[in-house]
């Protein structure tokens, strides 16, 4: 059958297929490296580099099997024997419908399934072309069933693996020995699965025709050799690396403690750059003691009629402002004294130049080293009412172990910090404006953590009528120790690469499956598509996926790697290994499961095991709803394009 007149459709198909591959990379890339980026074991740039290598390799070696299912397993192509151009138009419509919806979802940061998109789009154009008889509904039922089976199976496998790791490694007093013993097993399992997948699924591409027992034997042998290599070389190197890291941290902590204990009470390097302040009588008052100042200067030193307040290790003025010699802005330093005797300072700066400097004020010293009367300082937060940084500075302990020196305070001192009555490890303060922090900054609790300091009014904490969380009942989120982080850091990189390899093999079919059908129809002039999937088309799809990853992949990575549940290297390793194992098995049997479903199932299962409160169930609900929406929406887009081609273009060409 002469179809040379439809070359324009093939060219259009190649362009749309690349856009479709781009959308697959932008959305589904989070399935392979989202958890690795979320746990911090790799940066976004490193993830893009590794994913580019393994996505492309996986697409070339594993993509042919699933691509055949996408091309011929959803609709009966024999019904198009007399209308080849209609099937070609349908393949173009399927790619357009899938690409449009995935690009919209990526823009909305919504992780959806590329498999869902292409299946829905294929059904959509078939309904327009020849009605319901063109759809193999039993195959569709199997595919829909796999959408539920894949997250459940992947979640179950991830959960079991994480429980075993937690029992035998994470919960041990010293997790390193058991972790090092398990390394060869983990690496061997990963290598065995990959080798088996390449030799079994990619055998036609590689020109290998081997029985299954031979493939299994070769895979086991390669895995055994790799396990010996890990045991002899990687484990000793990892042991030295962990020991060196722990020794370095201990040495730095010891040196820091010794250095801080030698700092003079009147000497504060933090303020050496700051000039003197102007008091109300225009007399110059230094913000900190200088080298020439007598070391015996007391905290109660006064200058003129203006008392000098203690400022951590430095002595500072409670009123005035000064022009900074190292910036173009004004460094305001205003004092507010309340009836409780505490001095509150507002620091204004119209640029972020002093952010780090002021951050050091409160962190220069631990509470166990300062007298009970000395001040402690808070982290800076962006003031919502001003384009400057506002810091509330007052005498306030950050740890519950730091007790007030005068336990027999007068009743009016209850206006001060709640002290012993609260835990400083949980509650935090929040202030949003200049006036609110001035009025309430002392009546709060504080916690310094990786995300900064939030603030909550102490009036809420001390009010007996207010409900309060019971720390004993609150489930604590498990966090990896330093040695566990190092141990699983390397493992998660490997499993992320494994996941990327599996993702490329499974999802490249979503991008170039219709393109392969379009090309084979044009080349052979028939709809049966008997030829093997060309390797160069698989590579073309892999390049498109990598392009989408580099340009737009970070949007959905945020959702999968951080928003759904916090990820640590140990949990990330479990998620990656179990979900990738599920995907590879499905790819080998030719079942187009969704890598999104597998990864989401693993993330939720492991997050729920770590802590039920660690999972964002609202986000999970939205993702679950999106799984159902994707098929009909992609089908509608595809049906619209198919109607346009059939009734608006094909009759006139």
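Every residue gets a Cβ built from N, Cα and C, even glycine.
Since this is a predicted model, take the numbers as computed values, not measurements.
The N-linked glycosylation site annotation in Swiss-Prot covers 81. Using a 10 Å Cβ-Cβ cutoff, residue 81 (N-linked glycosylation site) registers 12 neighbours.
The DSSP secondary structure for residue 253 (phosphoserine) is helix. Using a 10 Å radius centred on the Cβ of residue 253 (phosphoserine) and all shown protein chains, the other Cβ atoms total 10. What Swiss-Prot lists as phosphoserine is 253 (among others).
Taken from Swiss-Prot, the feature phosphoserine applies to 256 (among others).
The phosphoserine feature in Swiss-Prot is assigned to 259 (among others).
Positions annotated as phosphoserine by Swiss-Prot: 268 (among others).
Marked as phosphoserine by Swiss-Prot: 316 (among others).
For 385 (among others), the entry in Swiss-Prot reads phosphoserine.
The region 'Disordered' feature in Swiss-Prot is assigned to 275-311 (among others).
The region 'Disordered' annotation in Swiss-Prot covers 459-478 (among others).
The annotation topological domain 'Extracellular' is assigned in Swiss-Prot to 1-5 (among others) on the grounds of sequence analysis.
On the 0 to 100 pLDDT scale, the model's mean across the topological domain 'Cytoplasmic' (27-46) is 84. According to Swiss-Prot, the feature topological domain 'Cytoplasmic' maps to 27-46 (among others).
Annotation comment: Swiss-Prot describes 68-86 (among others) as topological domain 'Extracellular', evidence class sequence analysis.
What Swiss-Prot records for 131-142 (among others) is topological domain 'Extracellular'.
Swiss-Prot lists 164-190 (among others) with the feature topological domain 'Cytoplasmic'. Helix, strand and coil residue tallies for the topological domain 'Cytoplasmic' (164-190), in that order: 23 helix, 0 strand, 4 coil [DSSP].
What Swiss-Prot lists as topological domain 'Cytoplasmic' is 235-483 (among others), and the listing cites sequence analysis.
Within the same chain, residues 1-3, 6-7, 9-10, 13-14, 17, 20-21, 24, 28, 55, 58-59, 61-63, 66-67, 69-72, 77-78, 80-81, 84, 87-88, 91-92, 94-95, 98, 114-115, 117-118, 122, 197, 201, 537-538, 540-542, 544-545, 583-584, 586-587, 592-593, 595 sit at least 6 positions outside the topological domain 'Extracellular' (505-531) and bring their C-beta atoms closer than 8 Å to a C-beta of that stretch. Residues or ranges marked as topological domain 'Extracellular' in Swiss-Prot (evidence: sequence analysis): 505-531 (among others).
Take the transmembrane segment (110-130) and the stretches 143-163, 532-552, 595-610, 623-643: counting Cβ pairs under 8 Å, 623-643 has the most. With pairs at least 6 apart in sequence, the transmembrane segment (47-67) and the transmembrane segment (532-552) have 3 or more Cβ pairs within the 8 Å limit; the two touch. Break the topological domain 'Extracellular' (644-653) down by DSSP state and the numbers are 9 helix, 0 strand, 1 coil. Using the rule of three or more Cβ pairs under 8 Å, pairs at least 6 apart in sequence, the transmembrane segment (143-163) is in contact with the transmembrane segment (573-587).
Counting residues of the topological domain 'Cytoplasmic' (611-622) by DSSP class, helix then strand then coil, yields 9 helix, 0 strand, 3 coil. Mapped onto DSSP helix, strand and coil, the topological domain 'Extracellular' (131-142) counts 10 helix, 1 strand, 1 coil.
DSSP assignment over the topological domain 'Cytoplasmic' (553-572) gives 14 helix, 0 strand, 6 coil.
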